[in-house]
Amino acid sequence: MAPWPEVDKPETNNYIGDSSKQNQNMAGKEGENHKGNVASLGNKVEIQPAFSTIALIDETRQEEDPWALPELQDTGVKWSELDRKGKIIRVLYGIGKFIMLLGLLYLFVCSLDVLSSAFQLVGGKAAGDIFKDDSVLSNPVAGLVIGVLVTVMVQSSSTSSSIIVSMVSSTLLTVQSAIPIIMGANIGTSVTNTIVALMQAGDRNEFRRAFAGATIHDFFNWLAVFALLPIEVISGYLYHLTNVIVESFHLESGEDAPELLKVITDPFTKLIIELDKSVINAIATNDESAKNKSLVKVWCITETNVTLQNVTIPPSENCTSSELCWSEGNVTWTMKNISETEYITKCRHLFAETDLPDLAIGLILLALSLLVLCSCLVMIVKLLNSVLKGQVASVIKKTINTDFPFPFTWLAGYLAMLAGAGMTFVVQSSSVFTSAITPLVGIGVISIERSYPLTLGANIGTTTTAILAALASPGSTLKYSLQIALCHFFFNVSGIILFYPLPFTRLPIRMSKSLGNITAKYRWFAIFYLLICFFLLPLFVFGLSLAGWPVLLGVCLPLLALFIAVIVINIMQTRRPHSLPEKLQNWDFLPIWMHSLEPWDNMIMSSLAFCGKHCCGFCKCCKVNAEQEGAKDNQLKTMEVYENTIAMADEERGVRRAPAAACVEKTGTNNTAL
């Protein structure tokens, strides 16, 4: 096929019209000789110059926005075309899918609960040991990263908060020192939905949206900490504000806080495992006897009796009252309250009779809960894809993502925030709520812009639950638990004031979209991000904090200054490159591995390919994925190939010198894409 010279705006209709005219002219002169045909074609029909079809295709094809919500088309038979039997079957199918969706959601929430218990069995005692060093906890930066690490290890911010309340009430920790730990716990609790987003890595665009929707929570928490922790260290505004509120009320211990979701999930999860969380609190409060105790609860119903008994004491001990002490020969007696525990009923969970250590039980539960979690999530996504199509999907999208008309456009976000807070209050966990909306963001039902206020509402909802739980605390810990819960609440409210009301302050949306684009192209980067943000970086800062303030500041301040400088230069390279020196207008002066992920991607992919040769299953999986992606690329390339009928006719006449009538037949019937 002859190459076409490039033009700015080729007029495709003219060529099509001229081609039909040529066909008519050539057909009309079919009876003439070959020489006459060539002459008439040369004189009467002006062959239009050939142009590249690539220009025609590129002009009509618009670049797709990867963040645009996909249209979930209904590929089935329309409701109006079904007979009575078909309509009944479709209704029964819909009811069955809804029941199956509820069952999968129930298993999903239960697996999150078991996952939390597994993490506590694996790292609960280590988390208690971390809290023992009060000299480190007095450092706000160390307290922050300890809050992150402990919450990641126990997979529950409520467990971290209960440990902190126990330490504050036992005077091992002050409220001022506990506030940075609460901020860290707020960051650590967002790791769950980030792990859930990894389960949607099979589809590139779904993974882009799901990972961005999950990490928007991370970015908000990190930005809020970076902005508010220095203010709290300098001014102590959270401590003073909550102290005034607590002191202004005459508080009394109330009834137990409502546990709405636990009522449904506990009957199932207690058949799998039950934990004695008081052991972690005892280790954190320097109770040496708790180190040898197991976290697995064996006796579910016990009764403690306190009796006054005569006991012997060493002569060197001082008696509190001379009337309670007496001597008989060389032995000194006194009267003390002795607690005796009577074990009544054993627990009925799977590990009540086992002799396995806590670590082994935790690893077994960790593997099983992750398997159930992944399976439920995959089936939930497939079920939602089959249900949310056509009119149902459009109604849900419009309900969730549509803004109010001007001038009340801003109101929709705050209503979404209230909805997120209410749903989180119902399920009693921000991790459960954010993990549940992550697959909805991935399949395109909820937009990133709408998931942001929903996530902020989840942050508020989990703090209101903590406030209710604090109000139900016993009198000895009521004040401290309520003050810490209020600190958590006002910290999230302050973060929302900083990073939501004005559109240009909604930095987490832009940051999560950038990270989503990176992870969609390099999917291994998602695991790298998870390890860096929630494990390696907190461990690195914690290790520096053990060495003292001079080492911590000497290492972290230059790194922080370099990080801020790189961000500023990147922004200026995008918006005002001419304001920078010529060398800083791009990063080409650095080695490519320092400013591009391509070399790292090639290295990791080659390593995985090498490992795949020694692992049959992995190799087959990779081969199947590679073949699928290759097939998609070939399909796209094939769709871009078009035949130019005039150029082909010209080529046929020039090479084969066929009769004009033959040219008419060939050019007139071949007007479609290959």
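Our numbering is plain: 1 for the first residue shown, then up by one each step along the chain.
Cβ atoms are placed via backbone N, Cα and C, with glycine included.
The compositional bias 'Basic and acidic residues' annotation in TrEMBL covers 1-11.
Annotated compositional bias 'Polar residues' per TrEMBL: 12-26, in sequence order.
Annotated region 'Disordered' per TrEMBL: 1-37, in sequence order.
According to TrEMBL, the transmembrane segment annotation covers 91-115 (among others). For the transmembrane segment (91-115), the residues of the chain that approach it from at least six positions outside its boundaries are 155, 192, 261, 264-265, 268-269, 272-273, 365-366, 368-370, 372-373, 376-377, 379-380, 383-384, 386-387, 427, 429, 431-432, 435-436, judged by C-beta separation under 8 angstroms.
Proximity of distant same-chain residues to the transmembrane segment (136-157), defined by a Cβ-Cβ separation under 8 Å and at least 6 residues beyond the stretch ends, is recorded for 115-116, 119-120, 122-124, 126-127, 130, 163, 173, 177-178, 180-189, 191-192, 225, 229, 232-233, 280, 430-431, 462, 534-535, 537-539, 541-542, 545-546, 549, 552, 556. Taken from TrEMBL, the feature transmembrane segment applies to 136-157 (among others).
According to TrEMBL, the transmembrane segment annotation covers 177-198 (among others).
Annotation source TrEMBL lists transmembrane segment at 219-239 (among others).
Marked as transmembrane segment by TrEMBL: 359-384 (among others). Remote same-chain residues near the transmembrane segment (359-384) are listed as 97, 100-101, 104-105, 107-108, 110-112, 114-115, 117-122, 196, 199-200, 206, 272-273, 296, 351, 439-440, 442-443, 445 (criterion: CB distance under 8 Å, separation of at least six residues from the stretch ends).
Positions annotated as transmembrane segment by TrEMBL: 404-426 (among others).
Residues or ranges marked as transmembrane segment by TrEMBL: 432-449 (among others).
Residues or ranges marked as transmembrane segment by TrEMBL: 456-474 (among others).
The transmembrane segment annotation in TrEMBL covers 480-502 (among others). Listed by sequence, the residues of this chain that lie at least six past the ends of the transmembrane segment (480-502) yet keep a Cβ under 8 A from its Cβ atoms are 161, 164-165, 168-169, 175, 178-179, 182-183, 185-186, 220-221, 223-224, 227-228, 238-239, 241-243, 245-246, 251, 413, 417, 452-453, 456, 459-460, 463-464, 466-467, 469-471, 473, 508.
Marked as transmembrane segment by TrEMBL: 522-545 (among others). Here the transmembrane segment (522-545) has long-range neighbours at 136, 139, 141-142, 145-146, 148-149, 152, 184, 188, 191, 194-195, 197-198, 201, 207, 211, 215, 218, 222, 515, 551-552, 555-556, 597, 600-601, 604, meaning same-chain residues at least 6 beyond its ends whose C-beta is under 8 angstroms from one of its own.
According to TrEMBL, the transmembrane segment annotation covers 551-572 (among others). A Cβ distance under 8 Å defines the sequence-distant neighbours of the transmembrane segment (551-572), meaning residues of its chain 6+ beyond its ends; these are 139, 141-142, 541, 544-545, 579-580, 584.
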Legend entry - Contact ranking winner - 177-198, 219-239, 404-426 against the transmembrane segment (432-449), Cβ under 8 Å: 177-198
Inset, instruction - Sort out the residues at least 6 away from either end of the transmembrane segment (404-426), same chain, that have Cβ-Cβ distances under 8 Å to it, and list them. - result: 260-261, 433, 450, 452-458, 460-462, 464-465, 496, 500
